[in-house]
Structures are given as structure tokens and as C-alpha cells.
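Undergrad: Per Swiss-Prot, the features are:
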| type | residues | note |
| --- | --- | --- |
| MOD_RES | Lys56 | N6-(pyridoxal phosphate)lysine |
| BINDING | Asn83, Gly189, Gly190, Gly191, Gly192, Leu193, Ser315 | pyridoxal 5'-phosphate binding site |
| DOMAIN | 339-413 | domain 'ACT-like' |
Amino acid sequence: MTVKTTVSTKDIDEAFLRLKDIVKETPLQLDHYLSQKYDCKVYLKREDLQWVRSFKLRGAYNAISVLSDEAKSKGITCASAGNHAQGVAYTAKKLNLNAVIFMPVTTPLQKVNQVKFFGNSNVEVVLTGDTFDHCLAEALTYTSEHQMNFIDPFNNVHTISGQGTLAKEMLEQSKTDNVNFDYLFAAIGGGGLISGISTYFKTYSPTTKIIGVEPSGASSMYESVVVNNQVVTLPNIDKFVDGASVARVGDITFEIAKENVDDYVQVDEGAVCSTILDMYSKQAIVAEPAGALSVSALENYKDHIKGKTVVCVISGGNNDINRMKEIEERSLLYEEMKHYFILNFPQRPGALREFVNDVLGPQDDITKFEYLKKSSQNTGTVIIGIQLKDHDDLIQLKQRVNHFDPSNIYINENKMLYSLLI
């Protein structure tokens, strides 16, 4: 049997009909804060408000619903860092199918619990592997051994067609408001979302520039399309943006992206964290790291989008509240507002007061101080964290620290040491 490897607008239109009573029509909102910040019109497609809080339900339901009754009776499997798993679980419950869902051990607990909630007794969750790619290998082996049906999170034309319904929905909404998009920003993990969206836009909104956004620590599509002109597997990836941390994109999504995507942006994970905090405080939007990628990329494109009309897909809002401390720390590090040092303190009364008076600036704040006094030594080792009001104060701070202790270690520049603090 020949496996279909292309996606058409007809496929997306058919998927749209399958999904119209299943998925929520999520809002397309003009965002006044971002529009003012970037001197353009910025619209947000709020897939974080979908039933499973991400766009993944679209692709999962479409891919499962086209299976034959015989195939459905054998059960389904999937591998996912979280959102695709929730879409599969929701669908399994809706269609009363048995599903075995494989998730990386590193998946945030919030996403694991949501999968169990949406799937209930129809779903078994298996945590395995440190990355999506390791998890995928386990899932494929299990699927083959048990003769079940694997629902690919991105490298499947039915999954891609389902994700593409987001574009059809978006363009219908924009037509109602008489809006034409100059730029569209969307996250790339394995490439299913950007493939579906770009397929529809290239036919029905061909002047819109399609910009794919990846975390800088997992830019597998950029490395494949732009650097190597073939699908490559990244040897190492940063897993922080878990919803978009994929070492190898799909063969199908690679071909579609190569044809349709106009440009790629790699966003530092720290910048994503700053965006998450900004969206929460300014817009009351709870975005997960992958969901914030599209908005983060606007900073890279600020000169291009001035005076234009832009849409960003907020692809997901499944953020674990327990990660907020790390998100804040990564943001402060990226913004050069928080700094850690290892110092040798003289073991005598008044040494700390001397440090405060001689080293700290008038607006600097000590956020961490760890010190263990050793009576057998003249000095003791101190780990100290200092938060600045203005990152431009860093140069003078480091000069004062060096004067206080020339042998100090600046932890921010040592990734291994810094990882012990957050």
C-alpha cells in the first residue's frame, strides 16, 4: 500500500468538517499591548484556549477518526511530550478506544496528569526515555509487537491536515474582520503545525510571510532545511521548551516546510521565559514555553513588522506552575538582571557589612546567601546571588566584586555550576 506523503487544501477542508463539532473555535484577538510595543497590529490565535489547551487535539482527532473500524478495535498508541498525548487521550475517551500513551520521563507532571484526566479508563500512560526521540522508539516497538495503530504527532498527513484546520479557521475569522496578514509566526517542534498552516496559507493567503520559530537549543527544522538541505538528527537538544524540543523533524514535514516556510527564527530559551512572564503580567495569558515561541520571535522581527499586520499562534497553555521559579530565574539570567558569585569571605566580624557597603550598589538586592563558617580557616566560601535594577550596572558590580575578592568565580558563565542553582 502506498503511504500518502503530501497534504492538500482539500485534505484540510475535509478535516475541518470532521472536527467542526469536536474542537473549539478559538479566538483570534487583536492584542493591544503587543501592537503598541511593536508599532503594528498583532493578532493572537488563542489555541491555549482549546479544550485540551493546545492545537494538538485537531491533528490527533483527525488522524484517529480516519482509521477503519477494524483498526480502531486494535487500539491506538502515541509518543508525546504532552500536548499530542492529551489530544489522543481526549479522542480515545470520545470514541471509546483503548490507548497506550508513551511520554518522556522528563514530561512536566501537570501534562501527565492531564493526559490521565482526559483519557480516564481508556488510557494507559507509560513514562520512558529522557527525550521525545527515545520515547518514540519505545512506542514504535510496542506498537509493532501489539499490532496497534501508532498516531504520529507530526509526520502523518492526517495529523498535519488536522493542524491545518487552524489556518482555515483563522482565515475565515480574519475575513469577517476584514484583516489581511502580512506575517504569520508559529512554533516548530516536529513540524506538523507549520506544515498544516503553511499549506493552507500558501493557497488562500499567498502574500503572508510564514515564519517558523524554534528554541535555539532544538532548532532541528532550521538545521535540516537551511543548513543541511536534508533531515538531520541533532546530537543534543535543550529540553526546556518541552513542547518543541525534537531532535529530528519528520520526513513529510521537512518537505512541506522546505517548500512553504519563508524564514526561520531561533529564540533563546531565556527570551522565551521573559515572554511567558510578560504575557502573564501584561495580558493575563498563561502560555507554556512552546506556546510563547511565536510571540518571542517578534523581537527578532521588530524592524520588519513595523506598520504591518501580524498573527502569532499561541499553540499551547499547559504550563506547570511548579516551573515558574525556573522560568523566572532563566528570564533574569537572560535579561542580565540576576548574578551569582562564589567568593571567599574573611572569617571575622563585620565582613558581611563590609561587603554590603563596598560591593552592593544602592539599588542592588541580595537574593541568595550561603555561607558555612570554618574555624580552622581564615576565609569561608560564600555563594551569593545579586539582583540588579538595571543590567547596565553589571560592569561596575563585577569591578567591585573583583576588588573585594580577585579570586571570585562568576557562576553565570559556568553552565554546570549555574544548573545547580535552579
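Even glycines carry a Cβ here, placed using N, Cα and C.
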Undergrad: From the centroid of the CB atoms of Asn83, Gly189, Gly190, Gly191, Gly192, Leu193, Ser315, the recorded pyridoxal 5'-phosphate site, which same-chain residues not already listed sit within 8 A by their CB, in sequence order?
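TA: Sorted by sequence, the hits are Phe55, Lys56, His84, Pro153, Phe154, Gln163, Ala187, Ile188, Ile194, Gly243, Ala244, Ala290.
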Undergrad: Using a 10 angstroms cut-off on Cβ to Cβ distances, just flag whichever of Lys56, Asn83, Gly190, Gly191, Ser315 is the loneliest among these recorded positions.
TA: Gly190
Undergrad: Any idea what DSSP makes of Leu193 (pyridoxal 5'-phosphate binding site), helix, strand or coil?
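TA: In three-state terms, Leu193 (pyridoxal 5'-phosphate binding site) counts as helix.
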Undergrad: Sort the residues of the domain 'ACT-like' (339-413) into helix, strand and coil with DSSP and give the three counts.
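TA: DSSP classes over the domain 'ACT-like' (339-413) add up to 25 helix, 26 strand, 24 coil.
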Undergrad: So if I measure Cβ to Cβ from Gly192 (pyridoxal 5'-phosphate binding site) and keep only same-chain residues at least 6 apart in sequence, which ones fall under 8 Å?
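TA: Once residues fewer than 6 apart are set aside, Gly192 (pyridoxal 5'-phosphate binding site) is near Gly59, Pro153, Phe154, Asn155, Asn156, Thr159, Ile160, Gln163, Gly250, Thr253.
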Undergrad: Non-local Cβ contacts of Leu193 (pyridoxal 5'-phosphate binding site) (under 8 Å, 6 or more apart, same chain)?
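TA: For Leu193 (pyridoxal 5'-phosphate binding site), the qualifying residues are Phe55, Phe154, Gln163, Leu166, Ala186, Ala187, Val313, Ser315.
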Undergrad: Measuring Cα to Cα, how many Å separate the residue listed as 'N6-(pyridoxal phosphate)lysine' from Asn83 (pyridoxal 5'-phosphate binding site)?
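TA: Distance (Cα to Cα, whole Å): 6 Å.
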